[in-house]
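According to TrEMBL, the protein has these features:
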type	residues	note
DOMAIN	9-194	domain 'Thymidylate kinase-like'
BINDING	Gly11, Ile12, Asp13, Gly14, Ala15, Gly16, Lys17, Ser18	ATP binding site
Amino acid sequence: MASGKFITFEGIDGAGKSTHIGFVADLLRSRGLNVVTTREPGGTALGEALREVLLHQKMHLETEAMLMFAARREHLAQVIEPALARGDWVISDRFTDATFAYQGGGRQLPLAKLEALEQWVHPHLQPDLTLLFDVPLEVARMRLDATRTLDKFEQEKADFFAATRAEYLRRAAQFPQRFRIIDATRTIPEIQQELAQIIAALQGPAA
Ligand SMILES: Nc1ncnc2c1ncn2[C@@H]1O[C@H](COP(=O)(O)OP(=O)(O)O)[C@@H](O)[C@H]1O
Ligand SMILES: Cc1cn([C@H]2C[C@H](O)[C@@H](COP(=O)(O)OP(=O)(O)O)O2)c(=O)[nH]c1=O
């Protein structure tokens with residue numbers, strides 16, 4: 001059986017990543033592949049309950065980081081690992097890079113602590129492809145303001161998002177083999193055209 005791949009979507013709030021998840025999933029499904037779409041924090045009943053707490057309650061920074069990884073542990077056990085074991089493709093709206101970017105970059109938690117949690121929770125698994133939707137802060141903020149009531153993270157100030165974005169870009173440079181930086185200031189059709197090319201290259205001609 002062909003083995004499925006694990007694709008993650010990342011970026012600061014308002015970059016536009018959620019807009020494109022359905023497009024990429026449909027692209028893969030149209031080629032006969034089984035695709036599971038999911039999100040973090042969340043993806044399981046417990047994970048969604050933790051998401052409610054994480055997005056709306058104030059807490060110690062280390063509690064926040066550990067709850068992100070607790071939700072992830074459940075998500076891996078219940079959704080991601082079984083799907084990959086079946087040969088399905090998995091698309092997750094955020095994964096561990098988000099913890100490095102938000103809790104590490106944005107909130108300045110030492111990265112070594114996050115690396116320790118990562119080693120604990122998924123020592124042997126990394127995404128096959130991480131699509132980093134990158135936009136300047138002002139663009140992201142404008143897109144967010146236009147659409148919704150802001151949660152705990154979305155209410156953070158510009159310097160928080162500058163540090164979050166910088167950590168995402170630092171990780172993209174650190175792991176160039178799995179990251180693709182998407183210039184998300186472009187129009188949705190332009191971005192979709194690039195996504196289609198990236199997915200075609202990932203999938204290979206024979207699939
Ligand atoms: N390339 C784009 N150009 C203009 N608006 C966009 C673009 N991509 C997304 N949007 C809009 O920006 C808002 C935030 O997009 P969303 O995908 O929810 O962001 P994210 O998931 O990264 O927080 C939505 O209203 C969406 O329609
Ligand atoms: C997965 C993850 C998300 N987050 C934050 C980023 C987002 O602000 C928030 C929820 O992510 P997201 O689902 O992208 O929000 P929305 O549905 O509003 O677009 O959680 C972290 O701070 N650390 C993490 O590890």
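Cβ atoms are placed via backbone N, Cα and C, with glycine included.
Whatever TrEMBL says is automated annotation, not expert-curated.
Sequence-distant neighbours of Ser18 (ATP binding site) (same chain, 6+ residues apart, CB-CB distance under 8 A): Phe9, Asp93. Taking the mean position of the Cβ atoms of Gly11, Ile12, Asp13, Gly14, Ala15, Gly16, Lys17, Ser18 as the ATP site, the remaining same-chain residues with a Cβ inside 8 Å of that point are Phe133, Val135, Ala140, Arg143, Ala184. Close to ligand 2, meaning a Cβ under 6 Å from one of its atoms, are these of the binding-site residues Gly11, Ile12, Asp13, Gly14, Gly16, Lys17: Asp13.
Looking at the domain 'Thymidylate kinase-like' (9-194) alone, the prediction's average pLDDT is 96.
Here the binding-site residues are Gly11, Gly14, Gly16; the one with the fewest Cβ atoms within 10 Å of its Cβ is Gly16.
Under 8 Å, Cβ to Cβ, and six or more positions away along its own chain, Ile12 (ATP binding site) finds Ala101, Val135, Leu137, Ala140, Phe161, Thr164, Arg165, Tyr168.
In the vicinity of ligand 1, defined as a Cβ distance under 6 Å, the following of the binding-site residues Ile12, Asp13, Lys17 are placed: Asp13, Lys17. Same-chain residues at least 6 positions away in sequence with a Cβ under 8 Å from that of Asp13 (ATP binding site) are, in sequence order, Ala140, Leu144, Phe153, Glu154, Phe161. Shown are the binding-site residues Ala15, Lys17; of these, the residue with the fewest other Cβ atoms within 10 Å is Lys17.
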